[in-house]
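Annotation comment: Swiss-Prot describes Asp311 as active site, proton acceptor, evidence class sequence analysis. Annotation source Swiss-Prot lists ATP binding site at Ile200, Gly201, Glu202, Gly203, Glu204, Phe205, Gly206, Ala207, Val208, Lys221, citing sequence analysis. What Swiss-Prot records for 7-69 is domain 'SH3'. Taken from Swiss-Prot, the feature domain 'SH2' applies to 81-170, supported by sequence analysis. The annotation domain 'Protein kinase' is assigned in Swiss-Prot to 194-443. Among the features that Swiss-Prot reports, region 'Disordered' is placed at 1-20, 445-467.
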Amino acid sequence: MPTQRWAPGTQCMTKCENSRPKPGELAFRKGDMVTILEACEDKSWYRAKHHSSGQEGLLAAAALRQREALSTDPKLSLMPWFHGKISGQEAIQQLQPPEDGLFLVRESARHPGDYVLCVSFGRDVIHYRVLHRDGHLTIDEAVCFCNLMDMVEHYTRDKGAICTKLVKPKRKQGAKSAEEELAKAGWLLDLQHLTLGAQIGEGEFGAVLQGEYLGQKVAVKNIKCDVTAQAFLDETAVMTKLQHRNLVRLLGVILHHGLYIVMEHVSKGNLVNFLRTRGRALVSTSQLLQFALHVAEGMEYLESKKLVHRDLAARNILVSEDLVAKVSDFGLAKAELRKGLDSSRLPVKWTAPEALKNGRFSSKSDVWSFGVLLWEVFSYGRAPYPKMSLKEVSEAVEKGYRMEPPDSCPGPVHTLMGSCWEAEPSRRPPFRKIVEKLGRELRSVGVAAPAGGQEAEGSAPTRSQDP
């Protein structure tokens, strides 16, 4: 039976133990995390880097397994010790029997908007009011924190102004600890192996930084707000189930000062800037078609998983060193047909009329956005609906206005844009059909369409190196 192949950069868990490695082999215990560096030519061996020790060495493919997708039911909680609106007396009851360092956090009944840290010490439960000061949280006004997670992490290490270090969280009934589940499934990364570098982007919910994790280039999104971090954790749990060459790959999560989401680094940046800085002289029509096809294949995969992106635009497409376009930024991604997103935050020029008007998102609204992305691509990164305000765009589109094709845009591509912009969502093509049409157009200009689909972990380059 053939052993699964693992591509360089893949993070795996070990299925067994190798406590007495031979020279050149890697020592590991069952359940350790390793990153594949390269494949050997014979016997399905790999050179890998151990996450905890930082050592490199050889290990057999048979000793590896893929990380598990995270379960989203029940929902994972970044703050399983947060009990919401309970009284001080209820907190005391929760922290029985007494145990030094047993703790929970609750909302303050006397001071709405503030929190209370409740800590068991001796035979008592001490209640510390958590104050808001200049956008931060504090107990003693000497040490301030970005959020509750930051505060709990600090007092777990250092008792400071409170009676004792926080030792054991009292978990709210039904809460599932994100930290425990991430670690068990292999998605919890170690902060000590992360080096942060320059900022490479700025999203609505936080900065995106370049970094290195165990020597591998990564992109890191840091979300500090408790509520936003929890929302992003929910989306991250969905991302652990996704694997496709045209989706930016999740590497893992670090819980420190909020939430660090660690993604693969895609070296050539977003598609808008790529096209604007190169233009027609350097980017051929066939290359534009390939980019469009890559995006459509990634979206076809999301469609098959009944997931809706909701913010599909060229700015959210990243280009790799080998010119593969990858769909990124799943911050708004949700299960199909969800409602209720604040309309003031919607990217109006890319959003389908039914989503703007009724908050109704589906794969068909993503298809509308893909039509706008096509226009961006074949205009070499121009902003859509030039010289029109957002209000003018929404009103004109509602009345049937559609953009003219960019200069030199192939006729079939313009026809495809038009079908993506059908007013009736059911008349828009599924991404499967879009992939077929773009593939045909690419072949018509003499370029073979690349084989798409779910990423095979076995596309690893090999070298002759055998233990």
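For all residues, glycine too, the Cβ spot is worked out from N, Cα and C.
The structure, with features from Swiss-Prot marked on it.
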residue	record	CB count, 10 Å
Ile200	ATP binding site	15
Glu202	ATP binding site	9
Gly206	ATP binding site	22
Val208	ATP binding site	18
Asp311	active site, proton acceptor	22
**Q.** Separation of alpha carbons, Val208 (ATP binding site) and the residue listed as 'active site, proton acceptor' (Å)
**A.** 17
Q: On the DSSP side of things, how many residues of the domain 'SH2' (81-170) fall into helix, strand and coil, could you say?
A: 17 helix, 31 strand, 42 coil
Q.
When DSSP is mapped onto helix/strand/coil, what comes out for Asp311 (active site, proton acceptor)?
A. coil
**Q.** Rounded mean pLDDT for the residues that make up the domain 'Protein kinase' (194-443)
**A.** 90
Q: Go ahead and report the DSSP secondary structure tallies for the domain 'SH3' (7-69): helix first, then strand, then coil.
A: 3 helix, 29 strand, 31 coil
